[in-house]
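Report on the following structure.
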Amino acid sequence: MFEHIKAAPADPILGLGEAFKSETRENKINLGIGVYKDAQGTTPIMHAVKEAEKRLFDKEKTKNYLTIDGIADYNEQTKALLFGKDSEVIQSNRARTVQSLGGTGALRIAAEFIKRQTKAQNVWISTPTWPNHNAIFNAVGMTIREYRYYDAERKALDWEHLLEDLSQASEGDVVLLHGCCHNPTGIDPTPEQWQELAALSAKNGWLPLFDFAYQGLANGLDEDAYGLRAFAANHKELLVASSFSKNFGLYNERVGAFTLVAENAEIASTSLTQVKSIIRTLYSNPASHGGATVATVLNDAQLRQEWENELTEMRERIKKMRHLFVQLLKEYGAEQDFSFIIEQNGMFSFSGLTGEQVDRLKNEFAIYAVRSGRINVAGITEDNIRYLCESIVKVL
């Protein structure tokens with residue numbers, strides 16, 4: 001039976017990482033996969049995380065299964081981080097959160113819930129977007145509709161066409177929004193634009209789904225939640241798929257969450273039973289360690305402050321690299337204006353490089369990036385940035 005199976009295409013991002021591992025040139029640089037790198041080019045374990053793990057090791061008494069929805073304290077802390085602990089959504093008990101297997105797992109739960117429990121047929125996804133968005137919703141049989149997001153000429157948000165496309169979204173359609181640090185462009189709506197989108201959504205009856213994987217890496221924990229909280233303020237229903245992979249550095253622990261907001265507490269609780277039914281058929285229950293680590297940090301004032309300080313350092317290092325990157329490209333003779341990179345948020349930048357230029361960077365200089373031109377700014381260090389900029393100028 002299996003002899004008829006054809007090979008699946010390699011994932012465009014994860015496949016790049018495999019190619020990078022086999023690269024033998026000493027000056028190689030990986031700007032592809034989305035993990036944070038520190039000034040030394042490593043993906044460190046945060047100090048607050050390591051201390052929390054030590055505490056867990058000392059007090060852990062069992063390896064028993066978690067419940068289907070995961071660690072209750074983790075779920076409560078996640079809601080507070082998303083909406084603010086004093087938000088109406090939390091005070092009225094309209095939100096339910098379950099621990100998931102990373103942000104990807106949360107998105108799959110969302111897709112399954114929408115398909116099984118609502119009448120929604122269409123999901124509107126920005127173009128460009130993270131490639132797995134389309135794959136996840138195709139897997140559950142939903143119809144993908146695209147809305148324009150990026151203006152390639154201006155290297156900016158294509159606001160006019162975004163509104164034009166989303167004005168066609170019907171009542172009950174799902175609209176997928178990147179909460180902050182849009183992947184791959186790094187371009188986010190302004191607070192005023194978020195408010196306009198929230199008003200349009202409420203007026204037209206969309207079901208908003210936020211992919212929120214980078215909270216704290218744009219401008220701050222509360223600042224980055226502005227868009228989500230604007231929607232929560234005027235929507236009876238919305239969904240959130242969030243992750244602690246990036247802002248806690250817990251990539252291989254697969255620590256995510258799916259959050260559902262309903263009109264009232266009773267509907268929220270009933271909906272949660274269906275979410276748990278979905279989880280039971282997918283993976284039964286989540287792993288403990290990552291969620292317990294996050295809950296330990298967020299529950300302890302000292303550890304939480306240390307984590308927030310470390311997160312600020314990460315955010316500021318990325319911003320510093322953006323400025324230095326633009327400065328050195330100019331110094332090395334780039335005729336194009338790359339200043340737009342400074343205005344982008346988070347780990348990623350849509351650099352403006354073409355697929356052919358990206359291929360040359362890999363083949364001639366051992367610099368790996370996604371062919372769309374997306375680069376991981378967090379992969380740039382003071383040790384590799386001059387070689388990087390010099391190489392880019394040579395392929396322009």
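Residue numbers in this text run from 1 along the chain shown.
Glycine is treated like the rest: Cβ placed from N, Cα and C.
So that you can see what the record holds, here are the features copied from Swiss-Prot:
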BINDING   GLY34, TRP130, ASN183, ARG374  L-aspartate binding site
MOD_RES   LYS246  N6-(pyridoxal phosphate)lysine
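Overlay of Swiss-Prot annotations on the structure.
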| residue | record | DSSP class |
| --- | --- | --- |
| GLY34 | L-aspartate binding site | coil |
| TRP130 | L-aspartate binding site | coil |
| ASN183 | L-aspartate binding site | coil |
| LYS246 | N6-(pyridoxal phosphate)lysine | coil |
| ARG374 | L-aspartate binding site | strand |
Under 8 Å between C-beta atoms and at least six apart in sequence, can you list the same-chain neighbours of GLY34 (L-aspartate binding site), or say none if there are none? ILE13, ASN183, LYS246, MET347, PHE348, ASN376
What is the total of other Cβ atoms whose distance to the Cβ of ASN183 (L-aspartate binding site) is within 10 Å? 22
Within 8 Å of the centroid of the Cβ atoms of GLY34, TRP130, ASN183, ARG374, which other residues of that chain place their own Cβ, given that this set defines the recorded L-aspartate site? ILE13, PRO184, MET347, PHE348, VAL370
For LYS246 (N6-(pyridoxal phosphate)lysine), list the number of other Cβ atoms lying within 10 Å of its Cβ atom. 23
Span of GLY34, TRP130, ASN183, ARG374 as binders of L-aspartate, largest Cα separation rounded to whole Å, comes out at 11
